[in-house]
């Protein structure tokens, strides 16, 4: 073994990223603390990997504390650093105000927000019930020359779902169609299948959020139509969308309609799982 050989920052970064995927922040920190070479320890790629591991593991406060320590030790944060920390703001209390602090800091440091940073900020707005702010950043992003993709639209639709603003959600879907992100009905089943395979989590958020918007707005026919489209594409095998529709119908006093959805779900042998409590609540 070549004990004296210096390990590159890329090797450390890759290994720590692996720890992040395994949600093992303790091991990641042990590796980081073991780095004796100052230039490697303060390399932005290594630091970003450690911070990402902490954020993905739900250790946001620890990630911020370490971030400040890293800066004192010589780290020069890049836009990826701030995007990583912003991602953690969507899962904590008062996350929006903390996200604004990060945005202010990155701009003060002369960094420019990219489409990924905007997408992360939109997600923070949606998760913190900041619908108007989400709209503002969505428009600002476009004004700065960034083209919205399904991630950006999904976050904004999610923000509308919190408010139950089905009109704006519908307008956004129309806008997505106009720019070619959502196909016409002839291809809807095919494209849903393709997108759910390529971007399952993103499109699950978009479609589930849209379903919530329709249900909150009392647009049960639209909700049923969306559910039928998902079923035609083979992506209504989870009980969550059925539960959302049943819950809305029951709260609206349409008990028979809710029971009809429940019977349909059972007839189709829809998978039961984590959503069971939602159906029974």
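The backbone N, Cα and C atoms fix where each Cβ goes, glycine too.
Annotated repeat 'PPR' per TrEMBL: 43-77, 78-113, 114-148, 149-183, 238-272, in sequence order. The transmembrane segment feature in TrEMBL is assigned to 186-206.
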Per DSSP, how many helix, strand and coil residues does the repeat 'PPR' (238-272) have? 25 helix, 2 strand, 8 coil
Taking all residues of the repeat 'PPR' (78-113) together, what is their mean pLDDT? 95
